[in-house]
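A short write-up of the structure that comes next.
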Amino acid sequence: MKKTISINISGVIFHIEEDGYDKLKSYLTSVQQYFSSYEDSQEIITDIENRIAEKLFAKLKANEKLTGSPREAVTLEDVNELIAAMGTVADFEAVEEEELFTTSARSNQSNPAGGSASTAGGAYGYGSATGSTQSGRTNTGPRRLLRDLHRKTLGGVASGLANYFNVDPVWVRLVFVLLVLGFPALGSSSNNEDFFGSLAGVTVLAYIAMWIAFPGSSTLEDDKTVKKFYRDPDDKVLGGVAAGLSAYFGIDRGLVRLLFVVSIALFGIGLISYLVLWAISPTADTVTEKMEMQGQPITLANIEQTIKHNLNVPESGPESGLTKVLLFPFRAVSMILSGLGQALGPFLNGIVSVIRVLAGIILILVAFSGVIACVSLAGAAFGIISGVYPDNAGPFPFDWIRADLDAPMVITTFIAGVLPCVALGVLGVMLITRRFYFNGRTALTLLGIWILSMVIAGATITPLVSGFSRSETIEETVTLPVASIPTPTFAMSDTDTEFDYNPSIEIRGYAGNEVQLLQRFKARGRNRQDAENNARTIKYNYTVKDSTIRFNRELELAPKARFRAQELDMDLLIPFEKPFRMTRDFAYFIRNRFTQTELDRMDRTIWKLTANEGLVSINFPRDIEQESDENNDQANSDDDDFTDEDFNASFDAAGPRTRTFNVRGFDEIEATGALVVRVQQGETFQVVADGEQRELDKLDVEVDGQTLKLSPSKGSLFGNRSKAPVRVSVTMPTVEGLSLTGACQGKLDGFGRLNRLDLDLTGASLAVIDANVGRLSVEMTGASKAQLKGNADELKSSLTGASLLAAKQMSINKAEVSAHGASKAAFGQVNNLDESTSGASSISRGN
């Protein structure tokens, strides 16, 4: 039985055996006496005691890991090992005596018996009389990857990785910062924001995953031989970053500061780098940290050497006036920042707590939304697999994609999507409660499941995605058996299916004798041959009975065919001068455009195609020609600034090729580029574009929310290179907004009463609006021009730049108009006009 004594070293309570206590007390007394004559001796003694407490604590923890049972008391053997590692006063007194007779560098000499010294590289420090080397870390068996909570900045992930790989935590933190901030910048410079932005997100998710997966530890033993980067407070100008880099790399600090200042001109890289290093690096406040900054082991000999080096450095001479002027801004900013930090410390702590809670709430909401979305999509996918489809799903080919879905794909994709959402939710709860809810085993298990699901989902989805990589079109021409019929009638079949996947039909004339149907089958596939084979799976039927040819409303696929974005575009080729009839349904279905009057009398109209005039009516005049003439004449009479060239877009002329887009569910239109857009009312949605085939292939059409977006594909310049514009005809039940950007031209007519209409014109866009509107809003910028006709209860308009607004043909009850720059507005009948102008703008009103 041995007597134990409780002692306090640097705030840590140790139980030590009596003989070990006597030895340790004698050692500390000798150290205190030796350093008592030095300046800042108390700080030196405190650093030495901190190092002793770290070593003793690590020794006890190492014994617990090796034996499995804790050892509460420090033994005499532990104290002897500590003194051997730290070195005694007698040891480096002997070294000092040896230095008096030595002229060569200590780093190139053998270590004397019983002495202590450090190697030139700072990798090892010799102990006392044993003469053995000691590394900066105690070997305690298999190492584990833990988060270092003692040196943490955000969760301790970076410091834990640094401890595991024996590197400075500052550089690990810097790598994470560069990945998160550098990937988006790299994506912006390479026009690949989506890919590199996702890599930055993956880095953040990886950090969060390691935060959750790796357990934390406050007792990780730091390797004191690893050279650490600290900000140097003794030679700082602003934050000590440049001086710290100078000490770390052994280069002149003036050169480092010059590099930072010069690199500020390189898009602010120097300033950003300085601020990042300032934020992630600690300050070398103690003698121990200053020795770590030089990569020296923490022994008494090295502490002595560092102190003497600092004391022997001569005081710098008085600064010149120019030096004071150059350094004054940096020192002023440093003083301001220090003062603000002291004054606003408590307030900023409160702000950080509020931000932490808000961030947690946002993460929980995002996670909840993500989980709901994943569950909904998974439920819909399993419904498709089982043959149960959601109601009001719109034109989506559920039957066709059913063959491409299977349970492993859906399950693994669901897991891959829902686990990150759950992780975000748990992270949000952790931020709010400041508690950990996952142990390392659970987190690693979930991480493994997520990785496995990603691998399986990728393996099952990749073949499906590759099946859409190539697009091909094949053409077939069929002769319809109607040559003996004097006046054939074209109609649509009465049958209809639940899936509205329509082909595209256009009537065109040609110099021939037979009525022909030119069919263009289009599909996607893995390669050219696969895409052509998929295109051949399209089946389309029509029937001929008496003098009537009926076309099906939907296309079909061959049995066991898979959906690969199959489309069918058809031209009904009719010989010039051959008369024919159309039903109202057929006229409404095809791409050729007709006015409402022509549709109403369609059953009584006989048509023909001519080489010069195109589609003409034999027994009635075309209303489209009269309407186009009236629009041009009225555009000339509205205002001197509006000429034939302003509204010369042939909205009703057709291009050589057409393309139909199966989109629906929108009430606003947003068009960009050199497009001519015609918007008219209809019972169903229909979007048809015509023009050159190469330009049609570059046209992007999508529905975002309630907005139909029309634009050239990314990187396309067809609006600038093609003389013939692409025309887009949009049919929709109602419209609430029309936005035109660039050289876009638009015409809106044929609607009944509209509650509201928002018109937004930008650039050199043109618009012709004929409508009966309750509230009409018109925003015009640049050189845009607009012509308004019809009626409006209330008009609110803002014109800037050189925009022009002709509204003499619109009857307005109340108008609020502001014009700026060189813009002009001309109104007809307005009961109440509130106007404001600036610059060279003008607003006129007259009947």
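Every residue gets a Cβ built from N, Cα and C, even glycine.
Note: TrEMBL annotation is automatic and uncurated.
Annotated compositional bias 'Acidic residues' per TrEMBL: 626-647, in sequence order.
Under the heading domain 'Phage shock protein PspC N-terminal', TrEMBL lists 143-215 (among others).
Marked as domain 'Phage shock protein PspC N-terminal' by TrEMBL: 227-283 (among others). Computed over the domain 'Phage shock protein PspC N-terminal' (227-283), the whole-number mean pLDDT of the model equals 72.
Annotated domain 'PspC-related transmembrane region' per TrEMBL: 326-468, in sequence order.
Sequence annotations record features per position, and here TrEMBL assigns domain 'PspC-related ToastRack' to 505-613.
Residues annotated as domain 'Putative auto-transporter adhesin head GIN' in TrEMBL: 666-844.
Annotation source TrEMBL lists region 'Disordered' at 625-649.
For 170-189 (among others), the entry in TrEMBL reads transmembrane segment.
Among the features that TrEMBL reports, transmembrane segment is placed at 195-214 (among others).
Residues annotated as transmembrane segment in TrEMBL: 258-280 (among others).
Per TrEMBL, the feature transmembrane segment maps to 326-345 (among others).
Look at TrEMBL and you will find 357-389 (among others) tagged as transmembrane segment.
Tertiary neighbourhood of the transmembrane segment (409-432): same-chain residues 205, 208-209, 211-212, 356-357, 359-364, 366-368, 370-371, 373-375, 377-378, 381-382, 385, 438, 446, 449-450, 453-454, 456-457, 460-461, 464, selected by CB-CB distance under 8 Å and a gap of 6+ residues from either end. Per TrEMBL, the feature transmembrane segment maps to 409-432 (among others).
If one looks beyond the transmembrane segment (444-465) by at least 6 residues along the same chain, the residues whose Cβ comes under 8 Å of a Cβ in the stretch are 209, 213, 404, 406, 408-409, 411-413, 415-416, 419-420, 423, 438. Taken from TrEMBL, the feature transmembrane segment covers 444-465 (among others).
Non-local neighbours of the transmembrane segment (195-214) in the same chain are 145-147, 155, 157, 160-161, 176, 179-184, 186-187, 420, 423-424, 426-427, 438, 440, 443-444, 447; each lies 6+ residues outside the stretch with a CB under 8 Å from one of its CB atoms. In terms of DSSP helix, strand and coil, the domain 'PspC-related ToastRack' (505-613) has 22 helix, 44 strand, 43 coil.
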